[in-house]
Ligand SMILES: Nc1nc(=O)c2c([nH]1)NC[C@@H]1CN(c3ccc(C(=O)N[C@@H](CCC(=O)O)C(=O)O)cc3)CN21
Ligand SMILES: CC(C)C(=O)C(=O)O
Ligand SMILES: [Mg+2]
């Protein structure tokens, strides 16, 4: 993040306009330091509700609260000045009614300054997405594997296989028609994701949805090798920071125990009192 915010931040309309020109690069970010390092390379920083599992040790995303999303959203805004920041609406903050969704989305926008929210659901969220967009809140949709519905989906399985393909296409068409500026496709067969991407006027952002999507997203801790509780097939590790960090911690512990740390160069001395 530069001290003088010279460049204008990307807006949902800019992301929408990338369709057919350049792939949309999305990573999650939950903190200021990670936002600082990801902002120059990414188009969108997603404050995902995956932060509940990755940062807070929750067993699923269902326990994530509005307060958690706003706190981490504020941290990511402070660490970025170029990428569009999109904040996940947490479980039970939008499903009840369009009015409930607007109240909570407006609070997220007002308290963080982020440019858009994301919510899970297709055909059944059509009315809610249209309600938010009509009232000034840009929405990124999320269909396919929607982790907040893990209990009704029966696990983190591939979605849209066989006869379910038509239903997923209907979800995609519904969120686009409702006014979403982009849609995440999670754990969808690559062929179907390509078909959806060609059919929609808005960019599709894939995670486990193949290379034919208009953009890609990964959880940053997964691709850096920092989160190792599970490794889905769709994750590629671009670094092994978890291993590097564990080795550094072990070296520190050994040096403290051996009285090799701190060395004189890490210590202070008073020449008057030796
Ligand atoms: N760190 C992280 N990365 C994610 O991609 C992610 C989250 N957390 N939390 C929210 C959701 C949940 N997601 C998931 C969770 C599990 C699988 C999955 O493929 N699970 C495998 C087991 C993988 C393993 O344990 O190695 C499965 O068969 O269910 C996929 C996406 C995607 N999202
Ligand atoms: C993986 C992305 C799409 C997400 O929803 C999250 O990080 O919560
Ligand atoms: Mg999410």
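Numbering starts at 1 and runs along the chain as it is shown here.
Just so you know, glycine gets a Cβ as well, placed from its N, Cα and C.
TrEMBL: automatically predicted annotations, no manual curation.
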* Structure fact -> Joining 49, 88 at the Mg(2+) site recorded in TrEMBL, out of 120, 127, 177, is 120
* Structure fact -> Its Cβ having more other Cβ atoms within 10 Å than any other among the binding-site residues 49, 120, the winner is 49
* **Contacting binding-site residues, sequence order - 49, 50, 88, 120 vs ligand 2, Cβ under 6 Å** => 49, 50, 88
* To do: Do me a favour and check the Cα-Cα span between residue 118 (3-methyl-2-oxobutanoate binding site) and residue 186 (active site, proton acceptor); whole Å is fine.
  => 13
* Asked: For residue 50 (3-methyl-2-oxobutanoate binding site), what is the tally of other C-beta atoms lying within 10 angstroms of its C-beta?
  -> 21
* Structure fact -> Residues sitting within 8 A of the centre of the 49, 50, 88, 118 CB atoms (3-methyl-2-oxobutanoate site), not counting those, run 28, 46, 47, 48, 51, 61, 64, 69, 87, 89, 90, 142
* Far apart in sequence but close in space: which same-chain residues, 6 or more away, have a Cβ under 8 Å from residue 186 (active site, proton acceptor)? -> 142, 143, 144, 145, 146, 147, 159, 206, 207, 208, 209
